[in-house]
Amino acid sequence: FKGGDTCEYLLSSGRFLGEKVWQPHSCMMHKYKNSEAKNCLIDKHVVFIGDSRIRQLFYSFIKLINPQVKEEGIKHGNIPFEDKSASIKVDFLWYPEVNGSMRQRIKSWTEGSVAKPHIIVVGAATWSIKIHNGSSEALAQYKINITSIAPLLERLAISSDVYWVLQDPVYEDMLSESRKMITNEKIDAYNEAAVRILNSSSRNSKAKVKVFSVSKLIAQETIMKSADGLHLPESSRDTNAMILMNVYCNKIMKPIDGSCCQPQPPLTLIQKIAFCFFTLSIIGYLIISLIHRNNYRKNKSCTDLESGEEKKPAISTPNVSTLEMLLQCFCKLGLIMTYFYLCDRANLFMKENKFYTHSSFFIPIVYILVLGVFYTENTKETKLLNREQTDEWKGWMQLVILIYHISGASTFLPVYMHIRVLVAAYLFQTGYGHFSYFWIKGDFGVYRVCQVLFRLNFLVVVLCIVMDRPYQFYYFVPLVTVWFMIIYATLAVWPQIVQKKANGNCLWHFGLLLKLICLLTCTYFLSYSQGAFEKIFSFWPLSKCFELNGNVYEWWFRWKLDRYVVFHGMLFAFIYLALQKRQMISEGKGDPLFSNRVSNVLLFISIVSFLTYSIWASSCKNKTECNELHPSVSVVQILAFILIRNIPGYVRSVYSSFFAWFGKISLELFICQYHIWLAADTKGILVLIPGYPMFNVLVSTFIFVCVAHEISQITNDLAQIVVPKDNSTLLKRLLCIAGFFSGLHFFSAMQDQSRH
């Protein structure tokens with residue numbers, strides 16, 4: 001850890017990912033949209049001073065504000081630009097040499113009550129080399145002139161952002177005869193003089209002129225594509241303009257995926273309370289451990305000298321062991337949350353932007369599939385969608401989703417559409433699993449509901465507190481939580497129809513189907529009535545859970561994207577359990593699910609359906625249109641996969657223990673990736689080991705998986721303590737949890753008030 005300012009890194013170092021994506025050293029660069037640029041620069045005055053290269057940068061900069069601007073200004077004259085809607089003024093001032101005229105213009109801003117520009121970008125040298133034929137006298141005069149200008153720029157830098165743009169290298173072979181004297185050797189001499197003189201007299205860190213040297217690195221890679229050997233290609237100058245926008249705007253706009261130049265966010269009141277709680281838990285656990293160790297030494301078995309019998313140590317009371325387990329869980333959780341905070345909130349570790357290539361996505365996919373097949377074992381039971389198989393399904397889907405996220409494959413539409421099916425398959429399993437449980441067991445007790453809700457939401461609630469993020473930010477957990485409650489309400493509401501009751505009278509099956517039809521109708525209505533949906537989730541306290549950036553649109557979009565698949569899962573479970581009850585399917589070891597003829601026909605239809613969906617998804621041209629169709633057609637590939645995986649008896653009788661292991665911690669993996677594997681809330685990649693991308697991924701992945709596994713264990717242990725089976729004790733715990741959330745809401749309101 002060098003401890004340097006990420007702004008310095010952004011202005012001075014980086015590398016290209018591919019041909020056009022610039023990656024600053026140690027931090028992430030945000031790609032500003034026109035609306036964001038306007039919001040940042042509202043009521044601002046920006047000035048570019050220099051030669052034709054600075055004019056290029058000026059045009060690229062104003063195109064970030066208004067892409068319709070054309071490069072039609074006077075070549076050797078001043079060019080004004082104004083955006084009246086946001087009161088933004090950007091001027092280019094033609095001063096191709098560092099001389100008395102440039103000094104006089106800069107000096108005018110330092111005198112009296114003249115309005116100073118908020119951003120000043122200066123740079124010039126190639127004209128001095130050209131006019132004076134690269135003479136040493138011209139370089140000496142350049143040093144004298146820049147020495148006289150430097151104190152003025154430093155004075156302006158106290159209240160404005162001042163940038164000195166170093167000269168880019170040229171492609172000497174392409175230069176015209178009139179520019180042949182502009183060599184890279186001469187340019188380096190002029191740049192060296194500027195760097196040595198600027199800030200030499202400034203002792204105040206606020207009065208420093210920022211040296212914009214990163215353009216040199218960009219030019220070294222791209223100047224060969226220049227039209228004349230002197231001016232940069234458009235993509236390179238656009239990158240320079242975007243860097244300039246990041247340097248100034250990141251601290252104002254605070255984009256999630258723009259970690260460069262962003263200060264570390266201050267600790268909130270809730271974060272401070274959480275820190276104190278975890279610290280006390282660690283201290284409490286250490287004290288209890290020491291007490292127990294001393295008691296163990298005192299009560300250690302020893303021989304009674306009089307009777308010759310061995311005395312047994314006293315058995316500790318259950319209350320103490322429960323307290324110790326509770327403190328141990330919070331102790332471990334506190335250490336893990338510290339790691340989370342250091343990774344994604346403190347400016348301790350580096351972060352980098354994602355860059356997608358086909359090899360970065362497909363090679364790891366092939367690798368994990370080979371590993372998964374290698375760890376093949378026999379299942380304990382051969383039922384359709386048995387526990388080992390569903391864990392395996394969750395496991396390989398989660399690994400594919402993780403690779404999708406770290407490789408940035410969302411930019412490739414065919415991959416995006418297939419990943420959408422995997423997310424839908426998770427929700428399908430939610431509908432299938434919970435429906436099957438309630439239908440078979442008939443257990444609608446509070447204990448079951450609390451256990452499920454605790455296991456789903458515990459980690460997310462802790463992360464909301466520690467990482468200062470809203471609940472809806474971890475969108476998948478709210479999604480499965482709401483769908484679980486919808487499934488519960490659908491089946492628990494009068495009349496409660498379960499398998500035992502339906503077996504006595506077939507009419508109950510129609511009653512259940514009627515409930516499912518009502519659920520489908522409500523889902524359909526809400527999906528096409530955004531207003532009604534937003535009214536439901538805008539009521540307090542639901543609004544506190546489901547709002548993101550002040551509205552519930554994001555929640556509506558996420559819910560709408562897979563709105564029918566939970567219903568499909570419930571319906572599939574109902575049909576499968578009905579067929580199973582009537583012994584219309586064969587689930588013996590090695591037996592096909594149906595008769596040979598029916599199995600072969602269904603298998604053929606499933607393979608064709610699976611491939612047809614993949615072909616359709618791969619031919620998608622527009623994400624919006626494909627997302628509209630996705631809720632209705634995603635079930636085709638899900639059902640096709642289930643039948644392909646279960647119809648042949650020999651396939652149903654084996655599973656991958658490798659994938660199943662990951663499946664058991666799939667929820668933790670999905671949530672933890674936000675902060676300790678990826679970075680900047682999934683927008684970038686965490687860099688623990690700079691300069692070695694493959695080694696970095698191996699180390700960060702190992703830690704990430706271990707942490708997810710440990711959190712899964714902690715959640716299971718705490719679920720037994722916090723959600724007891726005894727109803728009276730459970731009621732007391734629920735009152736305590738209600739008090740906890742009331743306190744959380746109170747402190748959250750205090751935070752919001754202090755922010756405003």
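Every residue, even glycine, has its Cβ placed from backbone N, Cα and C.
Counting residues of the domain 'NXPE C-terminal' (22-72) by DSSP class, helix then strand then coil, yields 22 helix, 9 strand, 20 coil. Summarising the annotation, TrEMBL assigns domain 'NXPE C-terminal' to 22-72.
Restricting the average to the domain 'Cas1p 10 TM acyl transferase' (253-734) gives a pLDDT of 91. The domain 'Cas1p 10 TM acyl transferase' annotation in TrEMBL covers 253-734.
Same-chain neighbours of the transmembrane segment (269-291): 320, 323-324, 327-328, 330-331, 333-335, 337-338, 465-466, 468, 744, 747-748, 750-751, 754, counting only residues six or more beyond its ends whose CB sits under 8 Å from a CB of the stretch. Taken from TrEMBL, the feature transmembrane segment covers 269-291 (among others).
If one looks beyond the transmembrane segment (355-375) by at least 6 residues along the same chain, the residues whose Cβ comes under 8 Å of a Cβ in the stretch are 17-18, 21, 23, 395-396, 399-400, 403-404, 407-409, 411-412, 415, 656-659. Residues annotated as transmembrane segment in TrEMBL: 355-375 (among others).
Sequence-distant contacts of the transmembrane segment (396-417) (same chain, at least 6 residues past either end, Cβ-Cβ under 8 Å): 354-358, 360-361, 364-365, 368-369, 372, 423, 425-426, 617-621, 623, 626, 630, 656, 659, 662-663, 666, 669-670, 673, 677-678, 682, 685, 697. Residues or ranges marked as transmembrane segment by TrEMBL: 396-417 (among others).
Look at TrEMBL and you will find 452-468 (among others) tagged as transmembrane segment.
Residues 423, 426-427, 430-431, 434-435, 438-439, 444, 449, 452-453, 456-457, 460, 463-464, 515-516, 518-519, 545-546, 554-555, 558-559, 562, 566, 570, 667, 670-671, 674 of the same chain, all 6+ positions outside the transmembrane segment (474-494), place their C-beta atoms under 8 angstroms from a C-beta of that stretch. As annotated by TrEMBL, transmembrane segment applies to 474-494 (among others).
The transmembrane segment annotation in TrEMBL covers 506-526 (among others).
TrEMBL lists 561-579 (among others) with the feature transmembrane segment. Counting same-chain residues at least six beyond the ends of the transmembrane segment (561-579), those with a Cβ under 8 angstroms from any Cβ of the stretch are 384-385, 420, 423-425, 427-433, 435-436, 439-440, 479, 483, 486-487, 490, 499, 509, 512-513, 516, 519-520, 523, 526-527, 585, 627, 630-632, 634-635, 638-639, 642.
Marked as transmembrane segment by TrEMBL: 600-617 (among others). Counting same-chain residues at least six beyond the ends of the transmembrane segment (600-617), those with a Cβ under 8 angstroms from any Cβ of the stretch are 414, 417-418, 421, 594, 626, 633, 636-637, 639-641, 643-644, 647-648.
Among residues of the same chain six or more beyond the transmembrane segment (629-647), those with a C-beta under 8 A of the stretch's C-beta atoms are 384-385, 389, 393, 417, 420-421, 424-425, 428, 527, 560-565, 568, 572, 592-594, 599, 602-603, 606-607, 609-610, 612-614, 616. Summarising the annotation, TrEMBL assigns transmembrane segment to 629-647 (among others).
If you look up TrEMBL, you'll see 659-679 (among others) marked as transmembrane segment. Note on the transmembrane segment (659-679): residues 28, 259, 339-340, 343-344, 349, 351-352, 372, 375, 388, 390-399, 401-402, 405-406, 455-456, 459-460, 463, 467, 474, 476-477, 685-687, 700-701, 703-705, 707-709, 711-712, 715 of its chain, located 6 or more positions outside it, place their CB under 8 angstroms from a CB of the stretch.
If you look up TrEMBL, you'll see 685-709 (among others) marked as transmembrane segment.
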